[in-house]
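Engineer: What TrEMBL records for this protein is below:
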TRANSMEM  424-448  transmembrane segment
TRANSMEM  468-487  transmembrane segment
TRANSMEM  542-563  transmembrane segment
TRANSMEM  575-598  transmembrane segment
TRANSMEM  634-657  transmembrane segment
TRANSMEM  795-819  transmembrane segment
Amino acid sequence: MNHAEILGSHHIFVMKNQKKDDAIHMLRPEPMDYVQFVFPEETAYTAIKQLGNIGMTHFLDLNPRVKVNKREFSQDIIRCSELRRILRFFKAQLDARDLVPNPAETEENYRFTDLEDKFHTIERTLKDLIQTQTQMDQHKCELIEMRHVLTLGESFLLSAMNDAKQGMEMIEKNPAAARAMGMEASQIHGLSFLAGIIAQSKIEVFHRMLFVALRGNFVFEYRPVSEPVIDPVTNLREEKLVFFVFFTGDHARNRIMRICTSYGASLYPYPTTHEEHTQTLADIDNRLDTLVTVQARSDEQMEKELDIIQRNIVQWNVFVSRETGIYHSLNMFVVDSHAHCLVGEGWVPTRRLGIVNEALENATRVTRSAVPAISHVLPTSRTPPSLVETNKFTLAQQKIVSSYGVPSYGEVNPGLATLFTFPFLFALMFGDFGHGIIFTIISVFMCIFHKPLENMARTSDIGRYFHLGRFFLVNMGVMATYVGLLYNEVFSLSVNFFKSGYTVDSVTGSVTRTHTYVFGVDPIWRQCDNYLIFTNSMKMKMSVIVGVLHMILGIIFSLFNFIHKRQWLDVWCTFLPKLLLLLSLFGYMDFMIIYKWMDPTGNKPMLISTMINMFLGAFQPIADDTRLYIGQEAVQGVLFIVTIVCVVWMMIPKAAIEIAQIQKKKKATKGFKKSLIRSDSLHPSTSELLEINPDDLHMSNVERSDSDPSSYTPTQRLQKTVVEMQPVSLNEEEEEEEEMGAGEVIVHALIETIEFVLGAISNTASYLRLWALSLAHGELGEVFYQYLMILIPKLIPVFGSIIGIAAWIGVTLALIVMMEGLSAFLHCLRLHWVEFQNKFYQAEGYVFSPLSFKIIDESARLFIQPE
């Protein structure tokens, strides 16, 4: 095992190298111990940190009925949540500027309070800088818009004023309209105007609204701005127009201003004289220069703050995530304010108990506590979590198994068998030497260039699947290559790798057998008219043999489960009848298949007819032309009887025994009240826990019972707490399994028997997909070869060969290797989930979820560095 450093102020804890005990437990989940922890208050934080670095303690919540905000360390979790909010704010600022975190190589040790103050300081600085930059950007945009208004207005304002005066002369001829606009006679000669800027897309609607509101008593002029302008409100770059509205009267002015506000138009004051116009332009240029200087300084300060964040945000997030995990774990503990200690419980792998105890000893040394941190194993009836250790080679197939369900504690894990059977069944459907080579090469490249694939896995689900299963894909590709050599199919064609075992006379056409082909199918069969019939028969029968062996393996695994759980009744009344039934039916079918292969000169009866006659005509004579071997009637009669006996065996004895046990249990408990009795013998004594003689307390029994607890030393208080303490989580009544009645037992036995008998038939038929997909794979490849490599060059003489080869390569990679490979994978997945695992796999467990800094760190780094 690799050395792992345990975080501490001055101490480093190194996990000792294990030998045989460190072998990865793949056959079944690791054995677990239910452990109780007693930590002094001053040691609790450090002890949890040490255990988190090991990552082998699954804590249980001992306060399920206490609200989260009422727990002891809820305020610490709130503080951690606040720091995580600030970290998300920091990350958003980096993402907004396309900055990638660049963590430092050396890790720093942070103090929570110091980091908290630093976070708030940086956050306030950033928010002030952002607010200042926003205000300056808005002011800069307004100055630029105002400069455009002044620049464009100077060129046409004089002509626009003349046009406006002519329009107002027309108004003088109609005084009634002027009075309706709220203008007095003395105001008609007074001409006013407003200047502003508006988005080009709104100009027509804006002009129409002005016409309606002012009843046409205005003059409107506009000019386009030569370049896109950033809007000071939306901060978007868009095409804009400078406009002037000439009018008379304050009532009209108010209406125009309200319409401008509604349509997002910006109004700016326009100087009345040429000197003011020139001076205003100069002031705008000076103010813009000042803004640029101030913005440069602000950007420089912002870059300094972001550089600090860029270098430290990964370590910060890791630290905050660890603190959150520590306080969440502490919140699961029960706080004993009298003894000044925290009591918790959880699951620890049995072979890791020594490492956990060493970590607690190290925590006691780091904190220099006079009272040690204690852990001891408790008896329990709870179901432990399931832990199956994996590595990068075995992770993929364990993910396949776990996606069906988590292994129950103590039951056989299908992952070990899947490591070998999954690639083999996949190869039986995908078997082709050429396609297998391509599949293997692609998989090997995934293993070699795994770094880019790992980066892709962080942002893509497909990339993650390929990254996790790259080694498993290599195994599948190698097995497909092997089976393709066995089938003698290379890109759906046969190749004479070894010398053929047959010779063909070129004159007479007669075939003479000289020897047996070295490995696989003889290529001479490809030239025969019955090639398809031969390969179909071979692959179909081979799929049945493999399927029966696969199901027998599942039944054997059920035996391992029964022995491990000491369920001897299931061994005799479930395993044996199921195995005998499967062997009597389909094991006998496999025997006949192999017998026909080994005796090619004998009779060739139909297997289906033979199996039907085995049940419909047991012990009846068999015709000589349909007899496979001598004594067939007696063998089939015996197997028929065994099959019937196995059906009855599964249905009646187990149900009868279980009913008798239920009746016996009811009689034994009759007249007694149900109560939960806990014996003091379940708990270890103080001397066993602390290895301290009780006499060292310098108090007699009377003195200890009568004295004031406040006068105890810390060690005495902790010892007294441990002695008097009951297992906290066991004080609550555990749910008992509801006992089935006699009728339910009978119905359950009947359903299970029918399900297995019918399932054995349907599952065996389901394995024929191995033959069907292999046939489809070979025929599809041959069709593509005939059309693309042979037909196209004949139809297109010049470039036909190039076109045909390019099309054949594309079709081979896209359709056959990828699509056919995916299809074979899914069918293989179904065979394992349904036909194989239902023989023994309950999958009713729950995942071992320890406090692990390794997992927390990976998640924290992935959040900050997704690419």
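Placed from the backbone N, Cα and C atoms, the Cβ positions cover glycine too.
Help me understand the surroundings of these features in the structure.
Structural biologist: Residues 392-393, 395-397, 399, 419, 422-424, 426-428, 430-437, 439-444, 446-447, 450, 453, 457, 497, 519-521, 535, 774, 778, 825 of the same chain lie 6 or more positions beyond the ends of the transmembrane segment (468-487) yet place their CB under 8 Å from a CB of it.
Long-range Cβ contacts of the transmembrane segment (542-563) within its own chain (Cβ-Cβ under 8 Å, at least 6 residues beyond either end) map to 27-28, 410-412, 414, 417, 421, 424-425, 428, 570-571, 574-575, 578-579, 582-583, 586-587, 589-590, 593-594, 760, 763-764, 766-771, 831, 835-841.
Outside the transmembrane segment (575-598) by six or more residues, the chain places 541, 544-545, 548-549, 551-552, 555-556, 558-559, 562, 604, 607, 610-611, 614, 628-629, 635-636, 639-640, 642-643, 645-647, 649-650, 756-757, 760-761, 764, 839 with a CB less than 8 A from a CB of the stretch.
With a cut-off of 8 Å between Cβ atoms, the residues of this chain six or more beyond the transmembrane segment (634-657) that come close are 569-570, 572-574, 576-578, 580-581, 584-585, 588, 613-615, 618-619, 745-746, 748-750, 752-753, 756-757.
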